[in-house]
Amino acid sequence: MAREQLQVLNALDVAKTQWYHFTAIIIAGMGFFTDAYDLFCISLVTKLLGRIYYHVENAEKPGILPPNVSAAVNGVAFCGTLAGQLFFGWLGDKMGRKKVYGMTLMLMVICSVASGLSFGHNPKSVMTTLCFFRFWLGFGIGGDYPLSATIMSEYANKKTRGAFIAAVFAMQGFGILAGGIFAIISSAAFEAKFDAPAYEVDPVKSTVPQADYLWRIIVMVGAIPAAMTYYWRMKMPETARYTALVAKNAKQAASDMSRVLQVDIEAEPQKMEESVSAFKLFSKEFMRRHGLHLLGTTSTWFLLDIAFYSQNLFQKDIFSAIGWIPPAKTMNAIQEVYRIARAQTLIALCSTVPGYWFTVFFIDRIGRFAIQLMGFFFMTVFMFALAIPYNHWTHKDNRIGFVVIYSLTFFFANFGPNATTFVVPAEIFPARFRSTCHGISAASGKLGAIIGAFGFLYLAQSKDKAKVDAGYPTGIGVKNSLIVLGVINFLGILFTFLVPESNGKSLEEMSGENEDENETGAMELEPSGLNRRTVPVA
């Protein structure tokens, strides 16, 4: 039989949208703004790092990062993020969301600045330092995923909860956009101040010594927005759901939310004596109730991030392959940064950012399930539309069409599974496991990102040995790589059917925390239990 919900939790569920909701979105969202800036800014400067530190005398093309170095620079932050998601997700359920929230931000600030510093001047010391600090930067970023999602879900009302969590995640789009715009401005300023010939004119003078400052500035600026929000994170009270349901302090939860909501809320300590069911994470009871849900959230996020990050990190390679960015030897080092940043900024402006905010607007209207299914479907269609007639798109007259379809895949990733895979794990698990399960789901996604980031370096290489980048083995080519990504997106459609629809339901209704267990440990069959199905019922 369903228990009566605590008044403080009911007050949060039915609260009208107020200023504190927007404050929470901004405080949590600025963390994601920084996350996106820091994770994606490295793809703007990897070509520059190759020119500066791996120049080869009398080579026809500018220097590039060796395969193992490129894989490390691009992927090490994801390894840190994966570890941080698991660790801070677990810690958020043990210590409380607020106590851990400040730790992640300070780690991000310190490591963003340190990433731009280096011990020594030779390539090995610079790359080692960069990779070391980007690992710990990723570790802090990883903690932001489960904590921000959990805090926003536990503060929000049930009517607009999806939009609020999605709005936090949508700040990623602005972070990617800000990274591109800042790289455009800074590279344009450097180009105006330090004129240099193209590589084919003078290979040595094409990379001015001051270019070494450019990549460091771009990487280090990510610390500023994170530092600006530290004070406000520390001022946020602990979420009522953690205080009441996990810490079992209904009086403190009522007091905190009375101040936030500016209403009188009764503490109801007697209801806390009716303890929620005490099954453990990964116990038989947990797996019976939430096992398929966890499989659904981990698998869809894993598949999505393989496709999403392999595209996003290596846009510059795809744009070069179709001629949207000129051959490297026709530009100097700073011009190449400008061109790569301009291309990524256009993609972010035209597809990435609008896709996120379409999700914010529609997620509480048509539901998480429909958006995720639609997103995976169109990503599959557009990926095959790029891959099958790939030779057609490489002709000069057809390049704009390629970019349009490529942009649409990003639009439907963000108006689709890239947002919903973040939202749903914060809604469907019990409060005492919520941060941990979100961290596990997010870590599964980052495992996919690592596969995408590392694998695409090798897979996208040409099958013709003469056209392969220096140091790489032959691959399967861009066309076949896009086909592989299309198949991965199709698998995402199938696994979406394991994910329950949480639209319009309270967190306790979704997690089953208000339901008693009978003597055999099975949940009594209640309408709320029946409603936790995947596809919405008319």
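Positions of Cβ are set from backbone N, Cα and C atoms, glycine also.
On a predicted model such as this, the values are computed, not experimentally measured, just so you know.
The annotation transmembrane segment is assigned in TrEMBL to 20-49 (among others).
Positions annotated as domain 'Major facilitator superfamily (MFS) profile' by TrEMBL: 24-504.
For the transmembrane segment (69-88), same-chain residues at least 6 beyond its ends with a Cβ under 8 Å from one of its own Cβ atoms are 38-39, 42-43, 46, 49-50, 54, 100, 103-104, 123, 127, 130-131, 134-147, 309, 313, 435, 439-440, 442-443, 446-447, 449-450, 453-454, 457. The annotation transmembrane segment is assigned in TrEMBL to 69-88 (among others).
If you look up TrEMBL, you'll see 100-119 (among others) marked as transmembrane segment. Non-local neighbours of the transmembrane segment (100-119) in the same chain are 31, 34-35, 38, 84, 88, 91-92, 125-126, 128-130, 133-134, 136-137, 139-144, 147, 151, 215-217, 219-223, 226-227, 229-230, 233-234, 236; each lies 6+ residues outside the stretch with a CB under 8 Å from one of its CB atoms.
TrEMBL lists 163-185 (among others) with the feature transmembrane segment. The list of residues near the transmembrane segment (163-185) in space but at least 6 beyond its ends in sequence, with Cβ under 8 angstroms from a Cβ of it, reads 21, 24-25, 28-30, 32-37, 40-41, 44-45, 148-149, 152-153, 155-156, 218, 221-222, 312, 337-338, 340-342, 344-345, 348-349, 352-353, 355-357, 359-361, 363-364, 414, 419, 422-423, 426-427.
Residues annotated as transmembrane segment in TrEMBL: 213-232 (among others). Only residues 6 or more beyond the boundaries of the transmembrane segment (213-232), in the same chain, are considered here, and those with a CB under 8 A from a CB of the stretch are 23, 26-27, 30-31, 33-34, 37-38, 41-42, 44-45, 48-49, 52, 102, 105-106, 108-110, 112-113, 115-117, 179, 182-183, 186-187, 190, 334, 337.
Taken from TrEMBL, the feature transmembrane segment covers 345-363 (among others).
Summarising the annotation, TrEMBL assigns transmembrane segment to 369-388 (among others). Cβ atoms under 8 Å from those of the transmembrane segment (369-388) belong to residues 300, 304, 307, 359, 362-363, 402, 405-406, 408-409, 412-413, 415-421, 424, 479-480, 482-483, 485-486, 489-490, 492-493, 496, 499-501, 503, 534-536 of the same chain, restricted to positions at least 6 beyond its ends.
Using a Cβ-Cβ cut-off under 8 Å and counting only residues 6 or more beyond its ends in the same chain, the transmembrane segment (400-419) has close neighbours at 166, 169-170, 173, 300-301, 304, 307-308, 311-312, 318-319, 322, 324, 347, 350-356, 358-360, 362-363, 371-372, 374-376, 378-379, 382-383, 385-386, 393-394, 492, 496. The transmembrane segment annotation in TrEMBL covers 400-419 (among others).
Look at TrEMBL and you will find 439-460 (among others) tagged as transmembrane segment.
According to TrEMBL, the feature transmembrane segment maps to 481-500 (among others). Using a Cβ-Cβ cut-off under 8 Å and counting only residues 6 or more beyond its ends in the same chain, the transmembrane segment (481-500) has close neighbours at 292-293, 295-297, 299-300, 303-304, 306-307, 310-311, 368-369, 372-373, 376-377, 379-380, 383-384, 386-388, 390, 417, 424, 428, 456, 459-460, 475, 510, 532-535.
The region 'Disordered' feature in TrEMBL is assigned to 506-538.
As annotated by TrEMBL, compositional bias 'Acidic residues' applies to 510-519.
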Other same-chain positions with a Cβ less than 8 Å from the transmembrane segment (20-49) and lying at least 6 residues past its termini are 62, 64-65, 70, 73-74, 77-78, 81, 104-105, 108, 112, 127, 134, 137-138, 141, 144-145, 148, 151-152, 155-157, 160, 164, 167-176, 178-180, 183, 211, 214-215, 218-219, 221-223, 225-226, 228-229, 232-233, 236, 260-261, 312-316, 328, 333-334, 336-337, 340-341, 344
Using Cβ atoms and a strict cutoff of less than 8 Å, what residues sit near the transmembrane segment (345-363) while being 6 or more residues removed from its termini? 162-163, 166-167, 169-170, 172-174, 176-177, 180-181, 184, 315, 371, 403, 406-408, 410-416, 418-420, 423, 503
Segment confidence, the domain 'Major facilitator superfamily (MFS) profile' (24-504), expressed as mean pLDDT: 87
